[in-house]
Amino acid sequence: MTAEKSKALAAALAQIEKQFGKGSIMRMGDGEAAEDIQVVSTGSLGLDIALGVGGLPRGRVVEIYGPESSGKTTLTLQVIAELQKLGGTAAFIDAEHALDVQYAAKLGVNVPELLISQPDTGEQALEITDALVRSGSIDMIVIDSVAALVPKAEIEGEMGDSLPGLQARLMSQALRKLTGTIKRTNCLVIFINQIRMKIGVMFGNPETTTGGNALKFYSSVRLDIRRIGSIKKNDEVIGNETRVKVVKNKVSPPFREAIFDILYGEGISRQGEIIDLGVQAKIVDKAGAWYSYNGEKIGQGKDNAREFLRENPEIAREIENRIRESLGVVAMPDGAGNEAEAMDEEE
């Protein structure tokens, strides 16, 4: 760059900073602009790896969608539990009025510390979200769900009234307001969404999500969660096998998948994932039905190996960190593991 251009650019930058404040424009190499992405673990080792950065990125909008009973709320409650283990504050905007507090506690959520709101209208839900984000004191907000964000005009109208595009306009306006503040306050905002079918689609995928297209554009990460099978113990169904596909990812390559078990009353089976991923990474050895680690047998069959890791959390954490290192994903902080152990002991 010539001296004249350099001088003109410096004058323009000085004018912008004077008008809009320090930090309104900066070079990418100045440090602040090139900070590493801070993440919150999903509670699933496989999903953390599939996301490429070790979890869900803070200061971003995330959308989780899927069919009914696929594990959407369970996954978000696991993320809240992981955040709370690190001392973070979370809020749950329960627009569906369906949060099971006892189930949340079973998943490891510190319920007394969780902020909860059950708004009457979509506008109220998004105003509360905006106020919480602007406070700068909240680390994570979950909105459950976009489909339940009913505009005030629809609630006050008659049952058969047709109000096309009202919810989409509401979401579009809210996201325009929220996105900048979310980035500035480093708050993770998760929108849970439902699936609908497009009528008359002959080719391609007939599925779509509610609330218009704005959320698809503003989301940095979109996760498609599906139940793909049942987990049985003898003849009793004890959980679901779940697949999550990273449909959109602005912080890492997209279209990766994670498959994990969700056990009823327990949530994501972290021990089961450690065993499966440990075998794939050749950190855990499998010979027939026996699993072994560092030459020592840890169980015959997956259920026994899972139980061994549950009883020996320090070995589970050691295997997990070795898996993360082998795949170049951030290691789990010791604090999170210690708090998880303390919670297991209390139970």
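Heads up, residue numbers simply count up from 1 along the chain you see.
Cβ from N, Cα, C; glycine included.
As annotated by Swiss-Prot, ATP binding site applies to G66, P67, E68, S69, S70, G71, K72, T73. When secondary structure is read from DSSP and collapsed to three states, G71 (ATP binding site) falls in the coil class. Long-range neighbours of G71 (ATP binding site) (same chain, six or more residues apart, CB within less than 8 Å of its CB): I225, R227, N240, T242, I262.
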Query raised in the report: So which one is it: of the binding-site residues S69, S70, T73, which has the fewest other Cβ atoms within 10 Å?
Result: S69
Report summary line: Other C-beta atoms within 10 angstroms of the C-beta of P67 (ATP binding site) total 14
Query - Neighbour tally for E68 (ATP binding site), based on other Cβ positions within 10 Å of its Cβ - result: 8
Query raised in the report: Across all chains shown, how many C-beta atoms besides its own are within 10 angstroms of the C-beta of G66 (ATP binding site)?
Result: 24
Requested in this report: Could you list the residues of the same chain, at least six apart in sequence, whose Cβ is under 8 A from the Cβ of K72 (ATP binding site)?
Outcome: I64, Y65, G66, D144, S145, I192, I225
